[in-house]
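Remarks on the structure that follows.
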Amino acid sequence: MTLETPVRVLIVDDSAVVRQMLTEILSRDAGIEVVGSAADPLLAREKIKRLNPDVITLDVEMPRMDGLVFLENLMRLRPTPVVMISSLTERGADTTLQALSLGAVDFVSKPKIDVARGLEGYAEEIVSKVKMAAKAKVSALHRPSAPKVTLDMQSAPMPGSALRFRTTDRLVAIGASAGGTEALRVVLEHMPADAPAVVMTQHLPASFSTAFAERLNRHSAMSVREATDGEAILPGHAYLPPGGQHLRIIRDGARWRCRIDDGPPVNRHKPAVDVLFRSVAANAGANAVGAILTGMGDDGARGLLEMLQAGAPTLVQDEASSVVWGMPGAAYKLGAAQEVVPLDRVAERLLALSAQAR
């Protein structure tokens, strides 16, 4: 596919209304061509072979074959960028997170009632995510995992007890978007139980945050949770903003606390990475480390620059391992990143930089 060629899209959804609405929404954009639609995965399988789409939109719950089973088979046999169409329910959130772990690039929320009007309200998001998916590197989601990071007392750069992170004076701040649900899992999976405290912002719908925190917690030696307003930030813990709210940090004497912020969207996002990073720059300065992982757009780039200017070491995920090198690329181009690191080394570098932080 070249830049001049429209993105070829196949729509897979058991609802005729949804198929029609998605066709209308996507066809309005000159850069997209809807080449076909299918009511279930079995029909879709034949159309994929015949139509060779660049992107597939896929409903999660469908007859004849579960959407997750279809997605898993697709990624194994014919990796293709997929944007999931998912319901804004707790069950839908968990299923969508499973889909992202299987290789879906991103998802769009589908309302349970008044679907036609609801999808129209997401038209801009649907178009932008389909176009982004066409450029995404599906293979980046299936890179082999590195072995879990352990602190080697002999090879680490600092002596003695400085390697143990049982203090409150180190903080890691991470931001991510498209592809980030899996990237964050990989990073946290390789952080030890006594790692410095981690504060994170991942672009997600409000109803997804609890399921996402629980999913990360199952994969990490750290304790991963949704932050509550005013709670102390502790080593060995990782904090996400609760649904649809910004996460900031504040200084309280010798420690930091979480501040939940219900202010307006920033960079069209709520939660926004820039909100978190700017608060970290102001309240933690050189005692923090900042990282931007895979994601679309430029949220977090300016905040990461503020962290760097405040004395914090900074890094971004490299393009080769990113599903979308939008946010990391924007930070790099802005001069906000001191290091560009493959995903399987991000945890290792965060630990090393935390040990060196002033």
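Backbone N, Cα and C atoms are what each Cβ position is placed from, and that goes for glycine too.
As annotated by Swiss-Prot, domain 'Response regulatory' applies to 8-125, with the evidence given as sequence analysis. The 4-aspartylphosphate annotation in Swiss-Prot covers Asp59 and rests on sequence analysis. The feature domain 'CheB-type methylesterase' is assigned by Swiss-Prot to 157-352, with sequence analysis given as support. What Swiss-Prot lists as active site is Ser177, His203, Asp299, and the listing cites sequence analysis.
On the structure: features taken from Swiss-Prot.
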residue: Asp59; record: 4-aspartylphosphate; Cβ neighbours (10 Å): 23
residue: Ser177; record: active site; Cβ neighbours (10 Å): 28
residue: His203; record: active site; Cβ neighbours (10 Å): 25
residue: Asp299; record: active site; Cβ neighbours (10 Å): 29
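On the 0 to 100 pLDDT scale, the domain 'CheB-type methylesterase' (157-352) averages 93 in the predicted structure. The Cα of Ser177 (active site) lies closest to that of His203, out of the recorded positions Asp59, His203, Asp299. A distance of 10 Å separates the Cα atom of Asp299 (active site) from that of His203 (active site). Residue counts of the domain 'Response regulatory' (8-125) by helix, strand and coil are 57 helix, 28 strand, 33 coil (DSSP-based).
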